[in-house]
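Feature list (source: Swiss-Prot):
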BINDING   8, 9, 10, 11, 12, 13, 14, 15  ATP binding site
BINDING   57, 58, 59, 60  GTP binding site
């Protein structure tokens with residue numbers, strides 16, 4: 001059975017991710033304590049199910065410490081993947097303000113507040129407390145930073161992860177994820193490697209290229225004509241290729257390589273696509289452009 005466990009910070013999009021799994025045919029359960037997952041997997045396997053999605057988070061606080069042991073137990077008989085969703089504190093505060101919902105830990109840090117009344121100070125304390133409690137889980141999971149991500153973009157990312165795992169379900173290879181981003185929107189917190197390409201010639205200053213992206217032919221032609229761009233792309237490729245065996249030896253499932261320019265529209269997109277095209281010949285590769293709307 002293939003099992004995807006979704007955990008992470010409250011308000012980061014776990015419900016969206018679980019809904020994508022459900023739409024993809026997974027048997028999904030929300031807020032299930034970790035100690036019950038093996039029995040559920042066994043029961044569903046006996047019933048003929050082959051895919052299970054489970055969300056577990058701070059609401060099942062007492063059982064979260066058992067999750068690493070549960071994952072090891074499940075991995076003995078099943079294909080298991082853990083997704084950890086997170087977001088910046090500012091993004092989470094804004095989301096809670098918009099929905100008027102209370103954080104699961106709010107009662108512990110703001111017992112005097114009226115029910116249903118957001119309090120930025122206590123909310124920030126609750127978010128940081130949750131981040132601290134969940135930090136051990138983030139270290140061993142595939143992290144997804146949703147800070148500047150629209151809901152439809154997150155759905156597309158989860159679909160890509162599912163598709164990648166389906167295509168490589170019998171493979172133990174590490175998956176390389178190349179992600180472009182704009183520094184003005186913040187560095188992705190799920191990055192394993194961060195490369196800054198802001199020193200490269202910028203197509204933004206060409207009015208004909210400004211509305212385009214690094215996936216469009218005119219921008220590609222412009223950047224490919226710049227020796228500095230090609231040299232930096234080659235240096236990044238060489239670095240990743242040299243150290244990739246070390247990351248594989250560390251038993252990682254994913255390595256997230258992020259490339260940032262100023263706005264995340266041109267240079268970083270071009271470099272990410274170029275690297276992805278090269279490394280596809282070496283194994284499992286995904287490419288993601290945080291600041292661009294998903295295709296289609």
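Keep in mind that glycine also has a Cβ here, set from the backbone N, Cα and C atoms.
The structure, with features from Swiss-Prot marked on it.
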| residue | record | CB count, 10 Å |
| --- | --- | --- |
| 8 | ATP binding site | 29 |
| 9 | ATP binding site | 24 |
| 10 | ATP binding site | 23 |
| 11 | ATP binding site | 24 |
| 13 | ATP binding site | 24 |
| 14 | ATP binding site | 23 |
| 15 | ATP binding site | 13 |
| 57 | GTP binding site | 21 |
| 58 | GTP binding site | 20 |
| 60 | GTP binding site | 18 |
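Summary of the GTP site environment: with the site residues 57, 58, 59, 60 set aside, the chain residues having Cβ atoms within 8 Å of the Cβ mean position are 10, 31, 56, 61, 64, 104. Contacts of residue 59 (GTP binding site) defined by a Cβ separation under 8 A and a same-chain sequence distance of 6+ are given as 31, 104, in order along the sequence. Every protein chain considered, the tally of other Cβ atoms within 10 Å of the Cβ of residue 12 (ATP binding site) stands at 26. Rounded to the nearest whole angstrom, the C-alpha distance between residue 8 (ATP binding site) and residue 58 (GTP binding site) is 8.
When the CA atoms are compared, the binding-site residues lying within 10 A of residue 57 (GTP binding site) are 14, out of the candidates 11, 13, 14, 15. Those residues of the chain, other than 8, 9, 10, 11, 12, 13, 14, 15, with a C-beta within 8 angstroms of the mean position of the ATP site C-beta atoms are 57, 85, 86, 87, 146.
In the three-state DSSP reading, residue 8 (ATP binding site) counts as strand.
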